[in-house]
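To start, the structure itself, in structure tokens.
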Amino acid sequence: MKIYKLQTPVNAILENIAADKSISHRFAIFSLLTQEENKAQNYLLAQDTLNTLEIIKNLGAKIEQKDSCVKIIPPKEILSPNCILDCGNSGTAMRLMIGFLAGISGFFVLSGDKYLNNRPMRRISKPLTQIGARIYGRNEANLAPLCIEGQKLKAFNFKSEISSAQVKTAMILSAFRADNVCTFSEISLSRNHSENMLKAMKAPIRVSNDGLSLEINPLKKPLKAQNIIIPNDPSSAFYFVLAAIILPKSQIILKNILLNPTRIEAYKILQKMGAKLEMTITQNDFETIGEIRVESSKLNGIEVKDNIAWLIDEAPALAIAFALAKGKSSLINAKELRVKESDRIAVMVENLKLCGVEARELDDGFEIEGGCELKSSKIKSYGDHRIAMSFAILGLLCGIEIDDSDCIKTSFPNFIEILSNLGARIDY
């Protein structure tokens, strides 16, 4: 895919940004904890979340879909499927399903694409094995494909050494099948969509005031079925916020955006860098929803070292902002970036250098000198949707060619359409 330099300002109101991926995954998987019809409007119709629907269908759920409205009727009991459960590119789907299936009687095989099958799963499989789960796979169950022989699990008191919503949710789901009350704690607060959704479903879960500790009781009855409208994804919206900031005389309003405090850290970083950006809350249900207004801005360099778990998906796009800011910027304490869909630290630095930017890898992040003269280049996405979309936005300033853009469809199927509607010229 080739993106040409955009010569005109952008002025738009965007209401059709992709639905939130995290909530879409959880809606589908958590529906299996109920016994009545679950309904979601604005479900994300991307490859990752459609794969999750296919997984729960193979476990016995009935699914009705009309456009982005999805209805799920859960099975009376989970079936042992006669096929591999394909998670595609989604670490969320795989890690949550490991936790869900570990305590369910049956035999299950989880696999994914070549990128997912090389991402670490021991952070889930190890603690589950310690409480009685039977999980088998390459490199001591660290790499998929993974085979799970579900059975009753022992209660646990687990302290996670990493701040990860995927680890947390997997352990919550396993706790529902344990033989007694379980506790979970983490070193810093990760995304809390699971807790929010499960509390709305009347799950037997208690959350500490600081959100760091959970008490989970085994399920004694089905949870309350869901009927929700899924808000738009702030991680997807971030690319167009960045576009408005870096393109002269531009302004964009984005509506119905999820504004959960654990999801807007990257926006706060942009504000600290000098971005003219406002977030307004319009609705508070089980999640906070609102709109974002942003316009062209001059950015200043910044050091980012806190709340990294809250901006891990936006880090590649933040690196683009760093490259266009005045002065030096850095991101540290972000070693988790090395085990995402790609090694995002190495890949961002490699590709920024190709575009004329002075960038340096750190063990746990990167350092970028802003204000360098950009040059048109061909970059490699390494199959990582967030790398591809970040450099697509940079391409609006300097022109860019991306070697694998199909990966964008895993999370944001209408990204190219929106970019084109804003005036971008794109060749395939």
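Backbone N, Cα and C atoms are what each Cβ position is placed from, and that goes for glycine too.
Since we're looking at a predicted model, the values are computed, not measured.
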Candidate from Arg206, Arg344, Arg425 that Swiss-Prot assigns to the same phosphoenolpyruvate site as Lys21, Gly91, Arg119, Gln166, Arg386: Arg344
Rounded to the nearest Å - Cα separation of Lys21 (phosphoenolpyruvate binding site) and Ser164 (3-phosphoshikimate binding site): 16
Distance [Cα-Cα, Å, rounded] between Lys340 (3-phosphoshikimate binding site) and Asp313 (active site, proton acceptor): 9
Pairwise Cα distance maximum in Å, 3-phosphoshikimate-binding residues per record: Lys21, Ser22, Arg26, Ser164, Gln166, Asp313, Lys340: 19
Among Arg119, Lys340, Arg344, the most crowded of the binding-site residues [Cβ within 10 Å]: Arg344
Listed binding-site residues (Arg26, Arg386), ranked by Cβ neighbours within 10 Å, top entry: Arg386
